[in-house]
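J.: Pasting the feature list from Swiss-Prot:
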BINDING   428-435, 474-478, 528-531  GTP binding site
COMPBIAS  95-146  compositional bias 'Low complexity'
COMPBIAS  148-158  compositional bias 'Basic and acidic residues'
COMPBIAS  159-174  compositional bias 'Low complexity'
COMPBIAS  180-190  compositional bias 'Polar residues'
COMPBIAS  201-231  compositional bias 'Low complexity'
COMPBIAS  237-267  compositional bias 'Low complexity'
COMPBIAS  278-296  compositional bias 'Low complexity'
COMPBIAS  302-313  compositional bias 'Basic residues'
DOMAIN    419-588  domain 'tr-type G'
REGION    39-321  region 'Disordered'
REGION    428-435  region 'G1'
REGION    453-457  region 'G2'
REGION    474-477  region 'G3'
REGION    528-531  region 'G4'
Amino acid sequence: MGKKRIYELAKEINVSSKDIIEKAQADGLDVKNHMSTLDDASEKHLRNAFKKNTTTTKPEEKRTPKFRSSKTGKTVVKKSDHPAADGTKGIQRLKSSNNESTTRNNNNNKNGNQNRNNTNGRPNNNQNRPNNNRNQNNNRNGNRPNQPKRDEKQDRIRASVAEAARMAAQANREIANEKPQANRQRTNSAKPGEQRREGRNNQNRPNNNNRNGNNVNRTNNNNRPNNNNRNNENRPSRPNNTNQTTNNRPANNTTRPAAPAATTANNSGEKKQDRFSGRNNNSRGGNRFGNNQNRPFNKENRKNKKRNRKAKRDGRMKETTNKVVTVRKERPLPDVLEYSEGINVAEIAKKIHREPAEIIKKLFMMGVMVNQNQSLDNDTVELLAADYGIEAQQKVEVDISDIDKIFEDEEKNTTNLVSRPPVVTIMGHVDHGKTTLLDKLRHSHITEGEAGGITQGIGAYQLKHDDKLITFLDTPGHAAFTEMRARGADVTDITILVVAADDGVMPQTIEAINHAKAANVPIIVAVNKIDKQGANPNHVMEQLTEYGLIPESWGGDTIFVEISAKLGQNIDELLDMILLQAEVLELKANPDQNAAGSVIEAQLDPGKGSIATILVQQGTMHVGDPIVIGNTFGRIRTMVNEHGRRVKEATPSTPVEITGLNGVPEAGDRFVVFDDEKSARAAGEERAKRAQMEERKRSNHVTLDNLFDSLKEGEMKKVDIIIKADVQGSVEALADSLQKIEVEGVRVNIIHKAVGAINESDVTLAAASNAIIIGFNVRPTAQAKQMADSEDVDIRLHRVIYNAIDEVESAMKGMLEPVYEEEIIGQVDIRETYKVSRVGTIAGGFVTEGFITRDSGVRLIRDGVVIYEGKLGSLKRFKDDVKEVKRGFELGLTVENYNDIKIGDVIEAYRMKEVPVE
């Protein structure tokens with residue numbers, strides 16, 4: 001059996017949770033609130049304890065729930081919704097039907113009618129009325145025979161009953177006029193032995209439906225809440241054909257004659273209603289007489305409502321007039337008024353705890369007329385402070401938007417310094433084994449997920465060696481990612497230079513050495529791939545000595561470790577060297593100050609928004625901290641470590657991925673945590689404004705000096721490109737690589753570059769600009785793809801940067817106008833000429849060199865001078881048109897639009913050949 005909570009046990013044994021908690025705590029059980037759980041033994045103990053209490057104490061009678069009427073303001077007894085009417089019980093005899101009786105018989109008779117005892121001294125006119133089914137005249141009680149036709153004696157009895165009812169109705173009306181308030185509240189009480197529901201006012205209400213010509217009397221006993229303020233009126237029949245009545249009606253709700261026992265039988269014949277009996281008739285248009293007796297009470301209710309409204313209004317007015325005006329306590333003046341440049345009266349009033357009107361009055365007496373929003377100069381502020389007898393001190397303004405200065409100040413903080421893990425950057429040439437080394441260190445498979453085996457983004461990871469943490473940054477090795485690698489060198493403490501033993505020093509190896517030296521970062525050389533055939537570690541050492549990296553074995557200070565990342569050889573030795581170098585550097589940070597650090601990578605996620613991978617360099621970052629990163633700001637919503645788990649804080653040298661920024665920062669931006677969100681927002685907005693102004697300043701305006709260059713650029717063709725990538729570093733790298741492509745006569749024009757998937761806005765821009773969209777590790781959305789198909793926009797998707805660069809270069813070369821050069825293909829000597837009308841001069845000749853074609857261009861040369869240049873009109877051999885005549889054959893030809901051909905002329909045939917762009 002499972003554990004049970006306190007509130008569940010309280011419901012089962014009908015005891016409040018508070019009592020159970022007090023009892024459990026008194027017995028030494030470990031419970032705190034109603035959600036605490038109990039084992040089986042504790043539950044059994046508490047059940048027995050409260051069972052004994054309930055058997056020894058007398059059961060408390062259930063109190064009738066009361067509520068305060070929203071209309072009259074009086075407390076009335078709340079009724080239950082529906083009484084249970086059971087027509088199967090036997091008929092019980094009425095007990096104590098005396099007018100002065102205070103008990104009520106709540107037993108149900110067999111016909112479903114309930115007898116109600118009158119408690120206000122009125123005659124009890126309730127009667128048991130038959131419950132006849134619709135369209136049926138048979139008696140539901142089978143043991144009662146139908147009554148025969150009335151005799152004269154019964155007629156006399158009925159007449160006397162009607163007379164008695166009329167007299168009773170008249171008496172009740174007189175009583176109601178004298179005491180209209182007597183019927184406001186009716187209390188019901190039951191005998192101790194009777195079972196009844198508390199707070200119910202059972203009423204016998206007739207349900208008279210005239211259907212199919214039969215006058216069927218149906219009694220529907222519905223107990224409804226007794227609302228004091230309802231107007232007493234007999235409403236038309238509802239769907240259930242029950243008339244609701246309230247306590248604001250006269251005491252004789254249904255003044256029916258006290259019929260003898262013979263009248264309780266169900267008569268199958270027609271049954272007449274007494275005109276003056278005051279019964280509730282549910283037929284439409286009924287109750288012509290019974291409803292008139294309620295009119296005095298309706299008037300009285302309206303008067304009562306008016307009196308109540310007037311009393312409430314008078315009470316509110318009285319409270320307003322008697323309200324005491326609180327006197328504001330005057331706060332003491334501060335010792336020093338600290339003001340800033342351009343402070344106004346309203347701000348001074350807040351600082352010295354005085355009203356602005358008082359300060360304006362003082363300034364007016366000094367001859368200075370200002371309002372509370374006007375700025376005051378420093379002299380006026382000092383005079384005002386002297387008048388109040390306090391010292392004025394100008395506040396030193398700090399530029400909170402200069403986060404670089406704040407970052408440097410945080411780095412210089414030398415209090416509460418503790419050791420921190422080293423940050424290690426792995427650098428090297430393409431395919432020299434950087435990612436494989438990190439893969440071996442982390443026991444994961446990063447390389448398999450990289451496109452083409454090349455690391456396309458920057459990653460940050462932590463691992464533990466000898467109970468000490470080491471943070472690794474994996475910067476990509478391709479030359480296009482120079483900026484990313486430079487940013488990685490700025491945040492690192494130690495650089496591991498991976499060099500393949502079979503390849504030696506390569507261009508990116510030299511570049512990595514220069515970055516590390518520029519950042520004053522110590523270098524540990526890892527000579528990789530020593531397991532391969534042809535590996536020569538000594539040759540690598542000789543090459544690196546040219547760049548100042550001399551091994552310790554050769555008398556230098558550079559650590560060299562020969563490893564095999566693939567086999568895991570000497571990996572532990574490399575980690576030991578890293579920890580040894582970290583001890584020499586004495587890396588420390590203050591975890592108690594506000595966090596500061598750098599952005600490793602940033603991207604826009606469709607589900608999470610702006611995401612930034614950051615490295616905390618100083619202080620401790622917490623979830624919820626207000627932060628400014630570059631030109632963006634926000635409050636940290638989530639922090640995720642390299643394993644994808646959420647963390648609440650990040651200590652120095654810890655890489656985390658954060659969300660909650662208002663934009664995507666640039667990779668390499670610095671960040672600073674502020675004390676409050678207001679300051680962070682102000683700093684972020686100010687930095688964004690300054691960046692926008694600098695961008696506008698960088699825009700090139702046409703001057704006389706650069707006018708010619710601008711015109712020359714206008715002659716050049718351009719390739720409009722839109723770049724979308726997964727991370728900011730990839731966007732920058734791809735843009736720089738494309739702009740470095742050199743094709744004479746064509747230039748790259750990047751009209752838009754951003755992080756994220758290719759969307760409809762990008763396609764719209766490309767369609768308007770006739771641009772090509774290049775997606776790097778991203779895909780277009782379904783809507784964007786559909787729009788691109790309809791707009792004929794070219795979208796090129798790539799995962800490797802080489803392919804993207806080559807494709808754009810090919811497109812640039814294809815945009816140049818084709819270059820043609822002339823090629824001489826043949827020569828014809830003219831030996832005979834014929835003049836034919838309608839055709840012109842026909843020349844007969846012999847092909848001496850090459851060949852001549854029908855579509856080739858020709859030149860007519862006479863005595864070494866070109867006389868005419870044009871096209872062939874026709875080319876024939878004998879009488880047949882031919883396309884080509886080769887060397888050694890005779891031919892006949894005509895020159896288009898030229899007839900001055902003479903014997904001895906030479907016709908040179910040529911064609912224009914397209915030269916490919918280099």
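Placement of Cβ uses the backbone N, Cα and C atoms for every residue, glycine included.
Locate each feature and note its surroundings.
T.: Broken down by DSSP into helix, strand and coil, the compositional bias 'Basic residues' (302-313) contains 12 helix, 0 strand, 0 coil.
Summarised by DSSP class, the composition of the region 'G1' (428-435) is 2 helix, 1 strand, 5 coil.
Across the region 'G3' (474-477), the prediction's mean pLDDT works out to 57.
Proximity of distant same-chain residues to the region 'G4' (528-531), defined by a Cβ-Cβ separation under 8 Å and at least 6 residues beyond the stretch ends, is recorded for 428, 432-433, 436-437, 498-502, 537, 562-567, 569.
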J.: Per DSSP, to which secondary structure element type does I530 (GTP binding site) belong, with helix, strand and coil as the options?
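T.: Its secondary structure by DSSP: coil.
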J.: Please list, for the compositional bias 'Low complexity' (159-174), how many residues fall into helix, strand and coil according to DSSP.
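T.: Secondary-structure composition of the compositional bias 'Low complexity' (159-174): 16 helix, 0 strand, 0 coil.
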